[in-house]
Amino acid sequence: MGEEQLLLGLNLVGIIVFSASGAAAAVAKRLDLFGVTVVGVVTALGGGVLRDVAINEAPPVAFTDWRYPVTAGLTAAIIFWLHGRVFRLRKTMLTLDAAGLGLFTVVGTVAALDAGIPQVGACMIGMITAIGGGVVRDLLTAEIPVVLLREIYAVASLAGTIVITVCHHFEVPPLWSSLGAAILVFGLRLISLQRNWSAPTPKGPATA
Amino acid sequence: MGEEQLLLGLNLVGIIVFSASGAAAAVAKRLDLFGVTVVGVVTALGGGVLRDVAINEAPPVAFTDWRYPVTAGLTAAIIFWLHGRVFRLRKTMLTLDAAGLGLFTVVGTVAALDAGIPQVGACMIGMITAIGGGVVRDLLTAEIPVVLLREIYAVASLAGTIVITVCHHFEVPPLWSSLGAAILVFGLRLISLQRNWSAPTPKGPATA
Amino acid sequence: MGEEQLLLGLNLVGIIVFSASGAAAAVAKRLDLFGVTVVGVVTALGGGVLRDVAINEAPPVAFTDWRYPVTAGLTAAIIFWLHGRVFRLRKTMLTLDAAGLGLFTVVGTVAALDAGIPQVGACMIGMITAIGGGVVRDLLTAEIPVVLLREIYAVASLAGTIVITVCHHFEVPPLWSSLGAAILVFGLRLISLQRNWSAPTPKGPATA
């Protein structure tokens, strides 16, 4: 019970940060309220829907649990109204986005392994869960996906999927491997941001 | 029997108008006959395929009923040859497209509810059915999806999905709620077109 | 046994050439090593994943057989390091790509017919298998899909799917019809390349 609640809470945090990043990208493209909401929702839920289709978890949980789309939609709408303020919180946003990346990497890889997907496939599905929403966001806003241009984002996710898959093979308790992998992804991403802190980012404030 | 025939007929009307809108967009991008046909078919069938994948209706009906792709392909090929004339029928095309929007909204939402999808998810799937084809069309022709830029198109569809979902909850006979929702979507879309009638459209004649 | 090994071998050849074509396109867009690898893998496996989703073969084989993604990923990484040399092998690449087109057309159509998809649908799925990866490659690199702009590529695939479907209807042994269809697609594509040999290609060396 408590664990399930925790998982839901972490999932919703991931949805909020990814929806915010999608909405901010859509605002930068001058989409209207509806467009911003759609891009936010798709960014937040897209990776999970791709994962559920891949592991034949049907229908995808994004369509069966109303808390997921409603959370994503409200977040995006709030960003639409507040975006000037959000841009000033850029450092916070990037940190939260890194946390979302770690979380979705873990959730996706564990779901794939639980569905009986072999190891290499589980790593792929974990990465798709974590970066799929951002790729769809960039396609909808007519950009080359940023994850293909900035190496360390997806590589951090890949490292996390490998940790989980190896731990799963050696029957490490899932809670420990999940925690370790999430922290690893989060840390790798933050360190890579730190090192490039002064480097020009080609995509504007909040598309990470 | 009669009702099933009616549904098939309405579905095919929707396919014709959406294929025509996709083909016209492809002609404007100077694609060749094959490209125009593919974009037309994908625009007409894409929303339904996404819906069937989402509700785990496998394989999607677009692949199992030859009348769907053949109708879409023939329509697109005809547009390729006649497109000069079609552009002069723009008002008719937009009206038919609004009818297609209403129809596909209804078909998608009802299919999702019948498949046991909860209410918020059913609304999402209804909208995906109605606007998914157009989004894929815009991705294939390297545009930001027009539905994200022009608010009232998708909002009209959303209103229709809500009507159906609420009526379903209160056990209104499906025929009445379907009819009401389709008319609502059609009307909202037409009124919004009427109000902006003289406004410059940023996308050329037939991409709506 | 021997036949299954042969099929796997042919499949891997197709994966290698399509991954190479995707990686070369990504190199031309100046993506980094990770981006090049992802575009290569998606180009090689994308069509098959779309096919498996369409025929409800779940989870898609690309996620369950590690040889597929590993082969695709290694190929793309090699292209990243060697791409100067590969561009000089352009004629070889286009020939291999034509072979991949023929092979994937056959594999996709046969899989769809085996899954009980009717004829028109099986032709569509065969084409999606053959050209789907390339379409996703072009979407990821923000191009209008080249297959929509150069007619004979997809038409060659279509011809192959029709041959297989007709032969299947008349119960021609699958080995013969597969061989015939693959050679037909390969030959049509090569002839079309030969005829346009001196024509300017709008997309740079290795995006075919």
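Note that Cβ sites are derived from N, Cα and C of the backbone, with glycine treated the same way.
Annotated features, as they stand in TrEMBL:
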type	residues	note
TRANSMEM	B:6-26	transmembrane segment
DOMAIN	B:10-83	domain 'Glycine transporter'
TRANSMEM	B:33-54	transmembrane segment
TRANSMEM	B:66-82	transmembrane segment
TRANSMEM	B:94-113	transmembrane segment
DOMAIN	B:95-168	domain 'Glycine transporter'
TRANSMEM	B:119-140	transmembrane segment
TRANSMEM	B:152-170	transmembrane segment
TRANSMEM	B:176-193	transmembrane segment
Task: Examine the transmembrane segment (B:33-54) against the transmembrane segment (B:94-113) and state whether at least 3 Cβ pairs sit under 8 A, considering only residue pairs 6 or more apart.
output: yes
- request: Determine which recorded stretch among B:66-82, B:119-140, B:152-170 has the most C-beta pairs below 8 angstroms with the transmembrane segment (B:6-26).
  value: B:66-82
Task: Would you mind listing the long-range same-chain contacts of the transmembrane segment (B:66-82), meaning Cβ under 8 Å and 6+ residues beyond its ends?
output: 8, 11-12, 15-16, 18-20, 22-24, 26-27, 33, 36-37, 39-41, 44-45, 48
Query: When you scan the chain for residues with a C-beta under 8 Å from the transmembrane segment (B:119-140), skipping those not six or more beyond its ends, what do you find?
result: 18, 21-22, 25-26, 38-39, 42-48, 50-51, 54-55, 101, 104-109, 111-113, 146-147, 153-154, 157-158, 160-162, 164-165, 168-169, 185, 207
Field: Helix, strand and coil residues within the domain 'Glycine transporter' (B:10-83) as assigned by DSSP
entry: 62 helix, 0 strand, 12 coil
Statement: The predicted model's mean pLDDT over the domain 'Glycine transporter' (B:10-83) is 88
Message: Across the domain 'Glycine transporter' (B:95-168), what are the DSSP residue counts per state (helix, strand, coil)?
response: 63 helix, 0 strand, 11 coil
